[in-house]
């Protein structure tokens, strides 16, 4: 557009040149006019001014035309510059923000650099310390290596010496084993000889005592009674009314208890068994806390505690002279204590399973019997602490009791009641009693055996005939598993048994109606019962012992 306008301007210049030529020619005309006269000069001046006005109008029109021609280009050029100015302003503001952020980042980096420099200085100092420590450790390692070499040499020397000692020890050990074997054989022979000698002596002493007792008894009877009295005594012996004499035995009727006089919290975890000392009011209890305790049944006071038992106490026994207490435990062992002082006397080992029951001979105070879940009955010598003999019972004996010095009674899980001769180890008699015999108790006169079974029946056997002479049961009287221990009163006229319902049932042997007296007060199953020769009845549940009068 500009070039075309310029070309047009160049084209339009010739008229201007003509006007210029006219201008240049005007003076000549004017001069001619002047020369011609004053009227011609005024006309020329007017014509010149008119020509100038025309030229100015022409210039204005051309300027307007050129301006109109160039306006789109000017506007087109102006628009990009305005838009770019806004964009450049935004970019400038953005760049200013970025610059501020860069300044801030530079400040943070400067601080981090200072911190890194400080850490670097600290690391360099620590590194120097470590290098010093490494040097020290290397020196110590060298010294230790030298000492190790010396110790290694010493160890080799001592190893050689130890090998020699081991060889010598093995030789001496073999000689010792041979000597021990010979010693054991000799001890077994000596023990057998001593046992046989003691057994013969005891038999002789028993025979002599029995002969002396019979002789003295016959002399007394002959002196104190006539012919009629002797016949009356003979009839009483045949009926089993005359009982064996025993120191402190009260030949009087035992009253039926009705009131709980004393309650004892005996053992933590529960009481397992109770028993009275012979002819005293001392009550012995054993429980889950692995202790045996001796109480006064008159006051309920604890007299002594026997320690050292391993395992829960399942059953208790006391020798006929009240000198020793024996506990049968769940640890497969029996423990023996001296009553006076509470000193442990023996730990009897030999059973391989839980020891369920124990009893001491009424005649021979040094003889014990125990039964276990390993289907054995063992006879022990209390003086030496050794097992004298082992009886294979075939079925587990839950309970046992001595009848006299050599006859043992046992109740078994197969339901049979068996009598054993401990001298020969043979069963002399057996009878079916229950589906599962859980307990046996022999009366003081040795005329009756009380058995209990899981059929919830208590049978009283006549020992002479081994026949049932009384059955005792009641509604609600359920036997406490294999641990229930009933008892017979000292006058043998009453039977006491605990039950699962926490009650104690007492039957009279002489009454035909068999209606029991029921004692209530226990909070759980009554596990064991024992009747004192002096009158009180003791019963035990899991938590307490009750003394009834």
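Every residue, even glycine, has its Cβ placed from backbone N, Cα and C.
The region 'Disordered' annotation in TrEMBL covers 1-42.
Per TrEMBL, compositional bias 'Basic residues' is recorded for 1-25.
Per TrEMBL, the feature domain 'Autophagy-related protein 16' maps to 82-209. Here the domain 'Autophagy-related protein 16' (82-209) returns a mean pLDDT of 87 for the predicted model.
Marked as coiled coil by TrEMBL: 127-196.
Summarising the annotation, TrEMBL assigns repeat 'WD' to 264-305 (among others). Through the fold, the repeat 'WD' (264-305) approaches residues 246-249, 311-318, 320, 322, 325, 327, 329, 335, 337, 339, 342, 483, 485, 527-534, 536, 538-547 of its own chain, all at least 6 residues removed from its boundaries and within a Cβ separation under 8 Å.
Listed by sequence, the residues of this chain that lie at least six past the ends of the repeat 'WD' (348-390) yet keep a Cβ under 8 A from its Cβ atoms are 191, 195, 202, 206, 314-321, 323-324, 326-330, 332-336, 396-402, 404-405, 408, 410, 420, 422, 425, 446, 482. Residues or ranges marked as repeat 'WD' in TrEMBL: 348-390 (among others).
What TrEMBL lists as repeat 'WD' is 404-430 (among others). Per-class residue totals from DSSP over the repeat 'WD' (404-430), listed helix then strand then coil: 0 helix, 17 strand, 10 coil.
Under DSSP, the residues of the repeat 'WD' (264-305) split into helix, strand and coil as follows: 0 helix, 23 strand, 19 coil. In terms of DSSP secondary structure, the domain 'Autophagy-related protein 16' (82-209) contains 128 helix, 0 strand, 0 coil.
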